[in-house]
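Student: Encoded as structure tokens, here's the structure I'll be asking about.
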There are 2 protein chains.
Amino acid sequence: MQPFFRYNWIVREQWYAWCEEVPEEELLKARTGGVGSILKTLFHIVDVEYSWIMFMQDQPDFEDPFDMYASLEQIRALDRRFRPDVEAFVTAWEPSMETRPLPSERPDGTSEVHAWGEVMRHVIAHEIHHVGQLSVWAREIGRAPVSANVIRKGLIVPST
Amino acid sequence: MQPFFRYNWIVREQWYAWCEEVPEEELLKARTGGVGSILKTLFHIVDVEYSWIMFMQDQPDFEDPFDMYASLEQIRALDRRFRPDVEAFVTAWEPSMETRPLPSERPDGTSEVHAWGEVMRHVIAHEIHHVGQLSVWAREIGRAPVSANVIRKGLIVPST
């Protein structure tokens, strides 16, 4: 589990750096698909990761709207604020948590139960999916996207 | 590892079904970003998954070009042909394989070593990333994309 979170955090930092080179109006521009703009996507990634990890720990959700964080610097600051809690949870992850039940409510009010292992993978895939959308929008504005490679990031040291 | 592969296979099948409802010219149309068209993306996902898993087993690579499989039915048939080998490898995965070294060659001819655990996650993230691109293109042609949710797919049964 940890290598995928570390992968996402590395790629996220690279997208923040990528954003520094792009005019803010391009970062805020409404786009087709996903949640609709580059900065809104980065905010959404940070929000969803934190919210699920708080929810598993029975902690209050984060519900602030994007409008309160509509700049690269504000999103980075929010991410820095959330990271210690997220990282502590991810670092403490162990196999026995895979099937732990998370009772939850569907949008229609009926109840359902997710396994913690499903929720963790949901958070991981959620970011990778939205970053795929960023990669299309990057090309639309004529810029190379950040690499999505998992290899060559030093995530797991091969045995010798 | 297995839940993520099963997730990708479920989502991939749903994209194949989604493609059935879309005119073939839209599926083949050149698009901005990624590898350039919806069918080329699905072919690329199948190709890359199979090629890495063959490579770890020291088996010959798959090198056929997209032009030989440029229809939904041909890509589905290729995927069906590859799946038993891929599935056998994924099912046999165990933690001791995480750090097993995979000596490899960079595009420039110099040598490098990946850990098998990195390669498996690379294959998983590769598909999710490209599917994120499909989701933008789906909206461009006015259609709702396949859901990228990991939850609600029955991947891990919560304990009671």
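Every residue, even glycine, has its Cβ placed from backbone N, Cα and C.
The divalent metal cation binding site annotation in TrEMBL covers A:HIS44, A:HIS126, A:HIS130.
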Student: Taking CB atoms only, which of the binding-site residues A:HIS44, A:HIS126, A:HIS130 fall under 8 A from chain B?
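Tutor: Near chain B: A:HIS126, A:HIS130.
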Student: Within 10 Å of the Cβ of A:HIS126 (divalent metal cation binding site), how many other Cβ atoms can you find? Include all protein chains, please.
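Tutor: By my count, 22.
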Student: Within the chain of A:HIS44 (divalent metal cation binding site), which residues six or more apart in sequence place their C-beta under 8 angstroms from its C-beta?
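Tutor: Result: A:VAL35, A:PHE66, A:HIS130.
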Student: Around A:HIS130 (divalent metal cation binding site), how many other C-beta atoms are within 10 angstroms of its C-beta?
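Tutor: Taking all protein chains shown, A:HIS130 (divalent metal cation binding site) has 23 Cβ neighbours within 10 Å.
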Student: Could you check what DSSP calls A:HIS126 (divalent metal cation binding site) once collapsed to helix, strand or coil?
Tutor: helix
Student: Note the Cβ centroid of A:HIS44, A:HIS126, A:HIS130, the recorded divalent metal cation site, then list each other residue of that chain whose Cβ lies within 8 Å of it, in sequence.
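Tutor: Those within range, site residues removed, are A:GLY34, A:VAL35, A:THR41, A:ILE45, A:VAL48, A:GLU127, A:HIS129.
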